[in-house]
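A quick write-up on the structure given underneath.
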Number of protein chains: 2
Amino acid sequence: MASDEVEGTSPLPHADEHITLIGLGAIGVSFLALHLTYSSATVSVYDPRPDLEEHIQAVLPLYLPSSVDVASLISVGRLNLCASLEEACLAATIVQEQGPENVGFKQKTWSEVIRYVAPTCHLWSSTSGIPASKQLEHLSTTDDKHLEYPPTTDDIQASSARQRLLIVHPFNPPHIMPLLELVPSPHTTPAEVSFAKSYFTALRSGHRPITIHRESAGFVANRLSFILFREACHLVNEGVASAEEIDEVVRASLGPRWAMAGPFKMYGFGGGNKGLRGFLDNIGESIGEVWRDAGTITMDDDAWKDKVVEQTTQAYGLPSAEDIRVRDGGLRAVVKAQEEQERVARHGGGQGGQ
Amino acid sequence: MASDEVEGTSPLPHADEHITLIGLGAIGVSFLALHLTYSSATVSVYDPRPDLEEHIQAVLPLYLPSSVDVASLISVGRLNLCASLEEACLAATIVQEQGPENVGFKQKTWSEVIRYVAPTCHLWSSTSGIPASKQLEHLSTTDDKHLEYPPTTDDIQASSARQRLLIVHPFNPPHIMPLLELVPSPHTTPAEVSFAKSYFTALRSGHRPITIHRESAGFVANRLSFILFREACHLVNEGVASAEEIDEVVRASLGPRWAMAGPFKMYGFGGGNKGLRGFLDNIGESIGEVWRDAGTITMDDDAWKDKVVEQTTQAYGLPSAEDIRVRDGGLRAVVKAQEEQERVARHGGGQGGQ
């Protein structure tokens, strides 16, 4: 996140937690580095890939502060590479999964996990799109508010798991982007949401957990992004501007704007001393015209896809390691600018206004 | 823009230009400061408000480098405050209007302007939404490709004006945001688009003129913004998240991301070594689900408006001068981070990788 250095004097939090990470792809390794760097929790990891140890040795150091040695973490028992899901779960106080994005995998994983872990274990999924309620809907058809008497062991286990599972959705690249969307299902208890929020806040990694009140496709960030992306693809398809030109437009306008304040706060500025109401009164007609005129391309149609892929690849080529390095350096600078902005907003002064 | 200092040694460009600005609201004054600071063009301004001189004296210094004195600019004839549109237009090589956002005003203004200016004068409108073709459609019904013979003076004038008018759309706040959307009508000549592009590029103010190929409601930046805003309002209306929470989500994710790279380049990263095609193949189904589920609120409905206005006002109050100062300081920092990112991308090195 914002800094590779761990805060000086205060001890790292969560010494009593034992986190089990399931699935060590890009998101999994990024979370692994986060827990290892900013907490003192014990971490166990499980991934069925046969080269798990080599993979962790190769990729994890890219996300860790240079002072931290992976082999030492393993030898002191801070990091445990496990050969089975059961072994990984045995001591878990938190299980966080970031495995393949399909419902079948999630459901099968949770069915096993809840047999292995204590009934108080926190259950987190870092899926980018499969709601918590869907990940457990296979477990039992009995609504946990109306358990039959006497309830079966399976019913009790399912009901308890439903109350403990929530989504912890990061934003790519997760080691830099501050967002963590916490999305409970209708069954998740408020205590579980609070626990996840306080867990990530205590890390002081710069991550910002934000609770989403209801499940919906794409949660919030991806949902807004996909909807803007649809219109961007429509504009390319109609020849209004090229993919590269649209990227430049966004980078020169909406990106900086929304890095500093979201749409509601910014449009509140747009209405002057009448705030957002003034903005809607003044510009509402133009906004309505755009809404009526919005593109309606669908994923079933390949013509626009070929066009946007061709233009994007022609403009940038395929992403290189150097491209990612430049992107990440830039993202860090913007997050740092946000932190400075917050400091100025809290304490005033320091930054030239004009 | 990025810097208050004017570049050291090279002389400021556009000494031969005489720019007439019509309409001295917030956008007009911002452009006035831009032309005065970064070019050596002569500037004439016209606005029917009776207190034009006091207004300029009060507001313009807020946008100018502190070394520049408004009274001196006036006394040396660099800045002319004009009592009539005709007077303002007499010597113009460029007329730029940023008057009220209604078609009637635009059409009436251009009807007069083209009677006063030379037939080579460049015509720019800084409207946020009224396309160039609409601003001149009243002038003559004769298509300029099929002038009757002998053509009338009005026909010739209308045809010539249509070829010279294009949109120069800034993004608020225009003295900081780099974007300038250049939007020609189907009649505008490529030479006029090139001239506007080279004019603003030569200023070295940090502004980035981007040519949009076809007129559409909201051009590109506002169009994308309004469409994301619709979904944001829908999510508030459905209780998925509050206005403030959605702002925080955007600020912690999409803002920084799009400040560094637009949607096409960023989603190209998302597909790894298969680029945007890989991204669409992997995530297309989730995207399609969001598209099908997107909100369809309209401007005719007041219920959602009351909700978003109430939540926004409760979260932030009405915008204060201090809020704007903090916003502008932050926006400048992000634009600076973009410039640094470009420097790194061009020359490599300098910036730590992770």
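From the backbone N, Cα and C atoms, a Cβ is placed for every residue, glycine too.
Note: TrEMBL annotation is automatic and uncurated.
Taken from TrEMBL, the feature domain '3-hydroxyacyl-CoA dehydrogenase NAD binding' applies to B:19-140, B:158-212. According to TrEMBL, the feature domain '3-hydroxyacyl-CoA dehydrogenase C-terminal' maps to B:218-286.
The DSSP breakdown of the domain '3-hydroxyacyl-CoA dehydrogenase NAD binding' (B:19-140) into helical (H, G, I), extended (E, B) and coil residues amounts to 53 helix, 20 strand, 49 coil. With DSSP states grouped into helix (H, G, I), strand (E, B) and coil, the domain '3-hydroxyacyl-CoA dehydrogenase C-terminal' (B:218-286) comes out at 57 helix, 0 strand, 12 coil. Per-residue confidence over the domain '3-hydroxyacyl-CoA dehydrogenase NAD binding' (B:158-212) averages 96 (mean pLDDT, predicted model).
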